Structure formats: structure tokens, C-alpha cells
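**Q** Okay, handing you the structure first.
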Amino acid sequence: MGASGSKKHSRPPRGLQERLLRARAGACGGYWNESGGEYSRFQEGSDREQKSPSCEGRQYQQGDFMNTPWKDPAAEREKNLYRQQNMDDVDSDDDDQVRVSVTPKVPLRPMTHRLAIDMSHLIKTRGGLEGMFYSERRHKILNIYLEKEEGIIADWQNYTHGPGVRYPMFFGWLWKLVPVDVPQEGEDTETHCLVHPAQTSKFDDPHGETLVWEFDPLLAYSYEAFIRYPEEFGHKSGLPEEEWKARLKARGIPFS
């Protein structure tokens with residue numbers, strides 16, 4: 001109700017794929033092209049796909065971006081600074097980045113095996129996560145999207161520790177994380193797109209691997225995470241406590 005033009009029209013909701021592409025990538029969001037062994041990027045405001053081992057043509061100066069993981073200072077410090085800035089940014093502008101309703105559109109519900117399968121296929125048909133670089137920020141955006149749009153409580157998305165392929169620990173989620181080798185040309189210069197997820201993904205991973213999402217329909221029937229790494233489920237593994245703790249310790253995985 002009220003006079004015409006008195007209400008401010010909100011921007012139409014974007015799809016999950018676009019939200020994830022815009023996360024931390026700026027104008028350099030992209031995918032891993034497995035067949036070509038390269039990643040593809042999409043310029044903001046354009047549907048044109050560009051293939052490149054780096055984001056050429058964009059000049060960056062140190063200090064332009066608080067979140068840019070520069071080579072100096074030391075690698076460990078830059079990793080920690082990147083992670084902290086990444087999480088600060090996630091907390092500060094989630095609503096602007098994800099652009100979903102503040103409250104869930106449907107009643108909250110826990111993730112189930114059937115629901116995880118359905119959501120996996122739904123995401124795939126809507127453009128999907130296939131070949132998209134994984135990051136902590138995109139992980140959180142996916143959680144927020146499914147909670148606000150589908151009412152799914154965000155306590156389900158976990159993956160095995162690694163290194164190597166990371167299998168979903170929730171049975172029925174059909175997206176696993178696969179490490180890829182990203183071309184290293186230009187990594188020691190300041191002219192490539194240092195904020196591209198292909199460059200920053202490794203800072204989010206304890207093993208320094210660059211990961212991409214990959215759809216695997218067989219995960220609907222085979223609980224690979226539990227079969228391969230039961231110790232990561234702790235008391236739920238069915239193993240004696242001494243055994244699963246010993247396995248975690250041998251793999252260098254902290255436990256309480």
C-alpha cells in the first residue's frame with residue numbers, strides 16, 4: 001500500500017552459480033576446464049568466456065586490495081592474513097554478496113540423504129558447481145544459499161581432510177572436491193589476477209592444493225568418505241576410540 005514509487009524495488013535474486021562466481025573473484029571468476037587443462041574466466045558484466053593461465057591485462061599495485069595474497073611478506077604470514085581478511089569480508093558483506101532473503105523462504109529443516117541427492121541434482125541442472133574453484137568463501141555462500149532458499153540448516157557441508165580427493169562427509173551430497181594443477185606462469189609477477197580463486201584457493205586448504213567441485217552420481221550409493229576414512233567420523237565410526245584417534249594422529253589430523 002502507499003503512493004506509487006514509494007517502495008524501493010530490490011534487485012532480482014541471482015542464481016547460485018553467479019553468486020559463487022562473483023565471490024572473491026571480482027572480474028576474474030572462473031572454472032577449471034579439465035579437458036583443456038586450463039581455467040576459464042568470465043568478465044563481470046559479460047557472458048564471454050576467456051581461457052587463460054592467468055588474468056592478463058589487469059594491472060595491480062600492492063595495497064590495492066586488502067585481501068590480495070602478495071608474495072612478500074613470508075608465505076605463512078600471507079596465508080594467515082588472506083584467511084583472516086577472507087573471513088572478515090564474508091562476515092561483513094554476506095547479504096550483499098549472496099542477495100537472498102534475510103529469513104528462510106521455507107521452514108528450516110535438517111539435510112537428509114534424499115534431500116542432499118535432490119539438491120545436488122538441482123544445482124547441477126541450474127549451472128552447477130562443476131569445475132568451479134573451491135574456497136572457504138564459496139563454501140559459506142553455498143551454505144547460506146541453501147539455508148535461505150531451501151530452508152536447509154547449514155551444518156551438513158563437510159569434506160574429508162585430504163590430501164587428494166575430498167569426499168563429502170554427508171551421505172547423499174554428490175559434489176566432491178578434486179585437486180587440480182593450475183599453470184604457474186606469472187605467479188611471481190604483479191600483473192596477473194592474484195585474487196582469482198585459482199590463485200587463492202590453495203590458501204584455504206591445509207595441504208596447499210587447489211580444489212574444484214566435481215559431480216559424482218555414484219556418491220548417492222557409495223559412502224566413500226566413511227568407507228575410505230572412517231576415523232574422521234570419530235565416535236560415529238564404530239571403531240574403538242584408541243584406533244580412530246591413532247589413525248587421525250598418524251595422518252596429522254587434530255582431534256579432541
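Cβ atoms here come from the backbone N, Cα and C positions, even for glycine.
Just lifted these from Swiss-Prot, have a look:
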type   : residues : note
LIPID  : GLY2     : N-myristoyl glycine
REGION : 36-71    : region 'Disordered'
REGION : 88-96    : region 'Acidic'
REGION : 140-156  : region 'Mediates dimerization'
MOTIF  : 104-107  : motif 'PxxP'
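Could you place the listed features in the three-dimensional structure?
**A** Under 8 Å from some Cβ of the motif 'PxxP' (104-107) lie the Cβ atoms of residues 147-151, all in the same chain and six or more residues away from its ends.
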**Q** Looking only at the region 'Mediates dimerization' (140-156), what are its DSSP counts of helix, strand and coil residues?
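**A** For the region 'Mediates dimerization' (140-156), the helix, strand and coil counts are 11 helix, 1 strand, 5 coil.
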